[in-house]
């Protein structure tokens, strides 16, 4: 399994709405994630900075990248675009994090 981590942010005043939209995520989006080899996916919020820390385990980088091309993912991005900084293609502004420690 490949471990990945990334950071995003939520717009000021939108924290509760961001959480509400994830409880739960759409069933069809969850199915796409699982079908593309996604496991153990979590997002954490740091309330003082509004930073979102994502952690996910994936089976394959190509399958992970392919999620972005699915209609479900693109629809989700548009749905979330008003509560978080987004790129022109509606994907969330994010930065990958480099692992500096791991203990099994």
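Glycine is treated like the rest: Cβ placed from N, Cα and C.
Feature annotations, courtesy of Swiss-Prot:
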ACT_SITE  22  active site, proton donor
BINDING   18, 41, 76, 77  substrate binding site
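Counting only residues at least six positions away in the same chain, the Cβ atoms of 43 sit under 8 Å from the Cβ of residue 22 (active site, proton donor). For residue 41 (substrate binding site), the same-chain residues 6+ apart in sequence whose C-beta sits under 8 angstroms from its C-beta are 33, 54, 55, 56, 57. The local packing around residue 76 (substrate binding site), expressed as other Cβ atoms within 10 Å of its Cβ over all shown chains, amounts to 20. Every protein chain considered, the tally of other Cβ atoms within 10 Å of the Cβ of residue 77 (substrate binding site) stands at 17. Those residues of the chain, other than 18, 41, 76, 77, with a C-beta within 8 angstroms of the mean position of the substrate site C-beta atoms are 21, 22, 25, 29, 43, 79, 80, 92.
Taking every pair among 18, 41, 76, 77, the residues listed as contacting substrate, the largest Cα to Cα separation comes to 17 Å. Mapped onto three states, the DSSP output places residue 76 (substrate binding site) in helix. Contacts of residue 18 (substrate binding site) defined by a Cβ separation under 8 A and a same-chain sequence distance of 6+ are given as 10, 45, 52, 80, 83, 84, in order along the sequence.
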